[in-house]
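> Mind looking over this structure? Questions follow.
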Amino acid sequence: MPSAQPMGNMTEAQIEAWVNEMEVGCHAWTPLLSTSYDYVPSFAAGVIFCVLFGIPLLYHTFQSCRVRKATSILLALGAVSWASRTWSAKCPYNSDAFLAQEVTLIIAPVFFSAALYVVLGILIVDIGRASSFLSAKWYTIIFCTCDVISLVVQAVGGAMASTADTDADETQGTHIMVAGIAFQLGTMTLFGLMLADFIRRVHSTRLGMRGDFTGRLKLLLLAILVSFLMIYTRSIYRTIELAQGWNGYLISHEGYFIGLDAAIMVIAVAVFIPLDPVMLMKGPKYTVTKQVAGTDTSDGELAFQMGPYNGENTSHEASGARY
C-alpha cells in the first residue's frame with residue numbers, strides 16, 4: 001500500500017481517505033505519496049516488453065489454434081504478464097494494476113516451466129523409456145503438482161502481504177511467498193538434474209541418434225536448456241528479491257527487475273519460436289530394435305541399435321517424432 005508523507009494540517013483520517021482515492025482510477029505521480037513499487041514503472045520499458053512478449057504470444061497462440069498442442073498453449077498463456085505493468089506506468093497508484101502485475105508475475109513462469117515438463121515428457125515417450133529415470137507420466141504428475149503447490153503458497157503469501165494491516169502480518173505473508181518461490185526453485189533444481197540425466201542417457205546409449213532426427217533432437221534440447229537456465233536464473237533472483245522484503249534494494253530498483261526477470265523471460269519463451277517443439281518433433285519415426293550383442297554395459301546403461309519404426313509395440317520401443 002502506498003505511504004503518504006505528512007501533508008500540512010490534514011488529519012490521519014483525511015490522509016487515509018486521500019490515499020484510498022489515489023488507489024482507484026488513474027492519478028499522476030506526486031512526491032507526497034510513494035507508489036507500491038517505490039518508483040514509477042517505466043512506460044517505455046512497458047511498451048517494449050509488451051511487444052517482445054506479444055510476438056511469442058501471437059505466434060504460440062496461432063500454433064495452439066493450428067495444431068492444438070499443449071506446449072503451444074502453455075507458451076502462449078505464459079506471455080501475458082506485462083500489460084498490467086504498462087498500466088501501472090500511467091496509473092502508478094492504481095491498486096488493481098499493481099495486483100494484476102503481481103499475480104501475473106507469479107503465474108506466468110509456471111506456464112513456461114510446465115511447457116518444459118511437457119516437451120521433455122514427449123521426448124521420453126518418443127525416444128524410449130530407457131532415456132529417463134522417470135516415465136513421461138510421472139514427469140507431468142510430479143513437476144506440475146509441485147508447480148501448483150508453489151503457486152498456491154505464493155498466492156496465499158501474496159494475499160496476506162497485500163491485505164496486511166500490520167507490519168508483522170505483512171512480514172509473515174512475505175515469508176510465505178519466499179517459501180513458495182524457494183520451493184519452486186527446488187523443483188526446478190530437481191528438474192535440471194533429471195534433464196541432465198536424460199541427456200546423459202541419450203548420449204551414452206545413442207537413443208534417438210539416427211538421421212535427421214539427431215539434428216532436430218539436439219536443437220530441441222538446446223531450446224529446453226536455454227529456457228530452463230533463464231527460468232532458473234529468474235527464480236534465484238525472485239527468491240533473493242522477496243527475501244529482502246517489500247522495501248528491499250532489489251524490489252525497489254526497476255533495473256534489476258528488467259534485467260533479471262523481464263529480459264531473461266523473453267528469451268525463455270522466444271527461443272521456442274525458431275526452435276518450436278511442434279516443428280522440430282515432426283519427421284520420420286524410429287524404434288529401438290534390439291540391444292547390441294556383446295556391448296559393454298558395465299556403466300549401468302543399455303546400448304541400443306536403431307532401426308526404422310515398423311509400427312510394432314515392443315518393450316524398448318522409442319517411436320520418433322509424433323508430436
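Quick reminder: no glycine exception, Cβ is built from N, Cα and C everywhere.
Below are the features listed in TrEMBL for this protein:
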- 39-59: transmembrane segment (TRANSMEM)
- 66-83: transmembrane segment (TRANSMEM)
- 103-125: transmembrane segment (TRANSMEM)
- 137-156: transmembrane segment (TRANSMEM)
- 176-199: transmembrane segment (TRANSMEM)
- 219-237: transmembrane segment (TRANSMEM)
- 257-275: transmembrane segment (TRANSMEM)
> Which one of these stretches, 103-125, 137-156, 219-237, has the most C-beta pairs shorter than 8 Å to the transmembrane segment (257-275)?
219-237
> What residues elsewhere in the chain lie close to the transmembrane segment (39-59), defined as a C-beta under 8 angstroms and at least 6 residues from its ends?
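For the transmembrane segment (39-59), the far contacts come to 29, 75-76, 79-83, 85-86, 88-90, 92, 252-254, 258, 262, 265-266, 269-270, 272-273.
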> Where else in the chain does the transmembrane segment (219-237) make close Cβ contacts, counting only residues six or more beyond its ends and a cut-off under 8 Å?
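Same-chain residues near the transmembrane segment (219-237) but 6 or more away: 109, 112-113, 115-116, 119-120, 123, 181, 184-185, 188-189, 191-192, 195, 199, 250, 256, 260-261, 264-265, 267-269, 271-272, 275, 277, 280-281.
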